[in-house]
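Asks: Can you read through this structure? Questions will come right after.
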């Protein structure tokens with residue numbers, strides 16, 4: 001029978017000093033036999049997805065205490081990728097994932113916490129906490145801050161839903177007036193919560209449901225809706241129950257590595273492919289699997305991408321569908337339900353809230369449940385009032401979207417496409433693979449051949465795209481030395497993809513990079529090219545004007561030069577000595593913190609995880 005970890009610091013005569021300190025935090029005599037639950041919050045006023053979390057940690061803490069536990073809250077850092085985008089601030093985004101994971105480990109292990117509730121929301125916070133949960137393998141429940149309501153603008157054609165990507169595209173479009181840009185800017189992000197489309201934050205919060213580590217509704221219930229409070233209340237009670245089951249009943253099935261097994265990772269990736277989730281989820285699932293010693297790899301993602309259809313399309317893949325619409329159609333449990341009926345997921349797996357995923361679907365899939373309370377839950381609607389306050393409205397739709405032929409969520413027979421929403425491509429410039437969000441690629445350019453336009457920084461590419469005539473239809477914008485080591489930090493290329501759209505080139509050009517893309521990116525945007533240029537990848541050998549061939553249906557990407565020519569170029573590169581595999585003219589200040597990250601990080605094909613074996617003494 002496992003012992004409560006907290007007893008290391010709460011029991012025994014020699015722990016009198018530690019108990020004295022615990023007492024100074026408010027603990028009483030009767031508390032020292034209770035499970036100590038870490039409430040891992042991520043409140044910050046920098047990030048709209050986190051501005052409303054300040055009081056939610058204490059909400060969970062009070063519920064933990066009601067259930068018989070002792071709650072102790074702390075915060076992690078949280079970077080807003082949208083605010084950090086387009087400048088050197090983005091160098092810090094992906095590295096912050098590792099810092100978040102480490103900070104959770106440090107706090108939980110230093111204080112011997114028995115279990116934890118992870119209150120996350122935005123892009124790197126959920127992955128960082130997920131990595132920590134898999135690393136620590138103590139009972140854990142995830143509850144996110146929830147998506148923001150979609151912005152709305154009134155046009156001559158009627159009301160249109162918008163988000164920050166629309167504002168960015170409008171701002172770079174010379175045909176849009178300053179006044180209209182102002183309207184878009186003021187309307188794009190109306191409430192607290194993670195950005196309203198199927199961007200990275202919402203994708204990851206949806207995947208925690210598929211992994212079995214979060215309550216149903218976690219990925220789709222709006223941050224502003226009163227229904228979301230129930231998730232926080234239930235999480236507080238659930239985590240105490242899970243802790244007791246593990247420490248008092250020796251039930252290891254509740255642990256993260258038991259719940260988030262290989263099959264659960266397959267479920268999560270299947271969901272991601274079916275809903276056209278962010279390509280960043282590939283990085284994060286690989287990293288979380290690595291922490292939990294789950295043998296889930298790019299090869300598994302490639303295998304799944306060839307058999308899973310697209311059942312749901314959300315902004316940025318389509319213009320007018322956002323997370324609030326997915327929720328009305330039954331949320332993530334409805335998508336999982338359709339995947340189950342198609343024989344595409346495993347349902348014999350445990351979750352933190354149900355004995356099996358099959359049991360969870362019986363209760364929460366709106367197409368099979370008879371529960372009126374579940375139907376009411378998924379009718380939660382946006383309030384339409386700008387606010388930074390959680391649970392501030394309780395509006396409901398009159399009905400659910402149960403149309404599986406033409407609705408927001410489709411059944412397998414009426415899929416948007418039989419080919420999945422993400423694909424892994426391989427070829428002579430991506431021997432270890434690269435990722436494309438096929439759900440956001442127009443059918444006319446699934447096969448594309450063009451001339452390489454070489455840039456060794458995102459900034460240089462942006463300057464060229466915005467300069468009239470420098471980038472033409474048919475070009476392949478190739479941005480390199482922006483990978484995990486080369487950046488360092490693997491910047492998101494949201495501005496280049498958005499500006500290509502602004503210039504009317506969104507369906508006429510491709511963008512290929514060893515960096516990554518925002519969940520808000522769409523178009524023929526191919527990222528995570530591995531090995532990256534800074535690691536000696538062949539993307540570093542492509543020359544201006546080379547022909548790049550992209551064939552998504554056949555999963556191929558290559559530069560149309562012979563192996564002999566590539567070998568000659570490689571020899572010439574290696575002959576440069578210390579200057580080899582480095583950008584020629586880029587001037588970028590790289591801090592010691594980022595240098596340390598670059599020294600230890602690995603390829604995007606491995607999730608850009610840290611590898612301490614790189615250390616040389």
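Including glycine, each Cβ sits where the backbone N, Cα and C put it.
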Asks: Name the residue, out of 81, 88, 163, that Swiss-Prot lists for the same Mg(2+) site as 123, 124, 492, please.
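Replies: Among 81, 88, 163, only 81 appears alongside 123, 124, 492 as Mg(2+)-binding in Swiss-Prot.
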Asks: Give me the CA-CA distance between residue 195 ([2Fe-2S] cluster binding site) and residue 123 (Mg(2+) binding site), in Å, as a whole number.
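Replies: One finds 10 Å between the Cα atoms of these residues.
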Asks: Among the binding-site residues 122, 195, which residue has the largest number of other Cβ atoms within 10 Å of its own Cβ?
Replies: 195
Asks: How long is the line from the C-alpha of residue 124 (Mg(2+) binding site) to the C-alpha of residue 518 (active site, proton acceptor), rounded to the nearest angstrom?
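Replies: Just about 12 Å between their Cα atoms.
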Asks: Just to verify a number: CA distance, residue 518 (active site, proton acceptor) to residue 122 ([2Fe-2S] cluster binding site), in angstrom, no decimals.
Replies: 12
Asks: Give me the Cα-Cα distance between residue 81 (Mg(2+) binding site) and residue 122 ([2Fe-2S] cluster binding site), rounded to a whole Å.
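Replies: For residue 81 (Mg(2+) binding site) versus residue 122 ([2Fe-2S] cluster binding site), the Cα atoms are 8 Å apart.
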Asks: Inside 10 Å of the Cβ of residue 124 (Mg(2+) binding site), count up the other Cβ atoms and send me the figure.
Replies: 31
